[in-house]
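S.K.: TrEMBL feature annotations, pasted as is:
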type	residues	note
BINDING	Ala273, Gly329, His382, Asp449	(6S)-NADPHX binding site
BINDING	Lys419, Gly420, Ser421, Gly422, Ser423, Gly448	AMP binding site
COMPBIAS	191-201	compositional bias 'Low complexity'
DOMAIN	238-509	domain 'YjeF C-terminal'
REGION	191-233	region 'Disordered'
Amino acid sequence: MERAGHAAADLAESLAGTGGHILIVAGPGANGGDAFVTARLLRERFFAVSLVALTTSAATATQGADPDDTAAARVAFVAEGGELLESIPDDTPWALIIDGLFGIGLSRPPRERAAELISAMNALARRHACPVLALDCPSGLNADTGHAQPTTVRASHTLSFIAAKPGLLTGDGPDYCGQLRVDSLGLTSGAANPGTTAAATDSVPPREKPPSAPSAPLISLNTAEPPPEPAAQGHIIQRRSFARHLRARASNSHKGSFGSAVIIGGAPGMAGAALLAGRAALKLGAGRVYLGLLDERFGSVDPVTPELMLRPASSLAAQTADALLLGPGLGSGETAQRLMEQLCGGPVPLVLDADALNLLSTHPALAARVHSRQAATVLTPHPGEAARLLASSINAVQSDRIAAASALARRFNAHVVLKGSGSIVALADGRWFINTTGNPGMASGGMGDVLGGILVALLSQGWPADEAALAAVHLHGAAADRLAEAGIGPIGLTASETIDAARHLFNRWCAGAE
Ligand SMILES: NC(=O)C1=CN([C@@H]2O[C@H](COP(=O)(O)OP(=O)(O)OC[C@H]3O[C@@H](n4cnc5c(N)ncnc54)[C@H](O)[C@@H]3O)[C@@H](O)[C@H]2O)[C@@H](O)CC1
Ligand SMILES: [K+]
């Protein structure tokens, strides 16, 4: 706690500037203890500190993880002349607000005085345009799941202690955390050095308790399935998670060296989805890309990308493929269903996206077939598709994205990419990863098709499906980030632009240029 307070005071000092007034809100547990230590240290550094405690009675400060430490921190603050205020002083021009109300111990929605303090912190930050530093986790955000309560501190900065928590990185987490820093407090070796950002350390700590609540809605489709067990440890996707496959191409290679990707989709009116996936597969290095369109009137050439080999979908069912993507614009008619039945049993890696996932959710025989596949399967649902697959609701999925992705991975014996802010990759063996690349510009039409195309391209080039899923998600987001940095997004970022940026970045990664 003392180390946490020192790390927080250092960051607070740099955020507050010189001589400003700092408001600190302290809760009843160890997060509040961190706040008392921070407050004491900032006073020692001559800052004007106003500390408001959720409970001003020391007797109630005994329920947290480390009650003795919290009580001692409170006593030390008071002993050095600090005052516990009942309410936030009016008319103070705050230079910084520090949220030490709740951390990982939030156990219920904030109500009454707790909710009032959170609302006041948010309102004062807006009024004074001052930064808000959340200690460990913004109060109101579930640090395990990334689910934010209606009343949650909207921090501009979050200093997370020891390691990043999964809920800071997915779902509502990134929006409420602002800039995230992780300080290991010297307690872990290697990656998580004090002051590093979350992206510099790839471990997120064990989930301390089973995912809250989702088990009932999430597993209602198959009651024989055991409730979701949290994996021992998750990871943040880093380039090193898949770097062993990033290599320059041999000079002595030909298009057969990089495999054939087959993409099936593009029902009438939805050819665009399949074309985007095809173009992504081509530009991310598949040797040959066959596009099986259900809309047979579309013709045999895409004039924009004549390299794509367009065929009637039915004729591609028997085509030799090294990897298969089923779903972009597939529709849900009988033809789509028949194609899925035909192709699901094949011996090559299979990516199921979009309408293919919807068919899976409504046809139990298809689901059984996918579960028993010998070759790898990757499912790439967005939260709505995940909810349908789990016979659940989008809210339930979003309230614990890691549990939802892991439940799908178990149910379908597949690797699962649950898309959205902080995409989750849950592998069939139980490991899970959070992706930290990407930006809101990716919430636009065709982005999912591009991800599917990148994925099938890597699979056709022989990448193992687990690392292909990690790489595709990470690259897709990194490409969009690169475009946003250049002002091509986040507003108005298009899926097509993301394909070209991903190609550029992938070549640089493979050349070891960055
Ligand atoms: N575990 C460790 O090794 C470290 C923990 N640290 C701090 O300890 C924190 C965890 O401490 P705690 O386990 O005490 O948990 P918290 O301090 O996050 O909160 C638990 C307390 O809040 C109360 N509470 C929870 N939800 C509430 C609600 N909605 N309304 C009113 N009261 C509510 C609980 O009854 C309990 O008293 C971390 O987030 C971090 O800030 C740091 O000091 C660093 C080291
Ligand atoms: K907090």
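Placement of Cβ uses the backbone N, Cα and C atoms for every residue, glycine included.
Looking at the shown structure, what environment does each listed feature sit in?
M.R.: Under the DSSP three-state reduction, Gly329 ((6S)-NADPHX binding site) is assigned to coil, being neither helix nor strand.
Counting Cβ atoms from all protein chains shown, Gly420 (AMP binding site) has 20 others lying within 10 Å of its own Cβ.
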S.K.: Find the shortest Cα-Cα separation between Asp449 ((6S)-NADPHX binding site) and the binding-site residues Lys419, Gly420, Ser421, Gly422, and name the residue that gives it.
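M.R.: Result for Asp449 ((6S)-NADPHX binding site): the nearest of the binding-site residues is Lys419.
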S.K.: Say you check the Cα of Ser421 (AMP binding site) against those of the binding-site residues Ala273, Gly329, His382; which is nearest?
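M.R.: Nearest in space to Ser421 (AMP binding site), counting only the binding-site residues, is His382.
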S.K.: Go through Ser421, Ser423, our binding-site residues, and report the one whose Cβ sees the most other Cβ atoms within 10 Å.
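M.R.: The most densely surrounded of these binding-site residues is Ser423.
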S.K.: What is the set of residues, excluding Lys419, Gly420, Ser421, Gly422, Ser423, Gly448, whose C-beta falls within 8 angstroms of the centroid of the C-beta atoms at the AMP site?
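M.R.: Not counting the recorded site residues, we get His382, Pro383, Leu418, Ile424, Asn435, Gly438, Met442.
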S.K.: Around the recorded (6S)-NADPHX site, report the further residues of that chain (criterion: Cβ within 8 Å of the mean position of the Cβ atoms of Ala273, Gly329, His382, Asp449; site residues excluded), sequence-ordered.
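M.R.: Leaving out the recorded residues gives Gly265, Met270, Leu276, Ala277, Gly327, Pro328, Asp353, Ala354, Asp355, Gly446, Gly448, Gly452.
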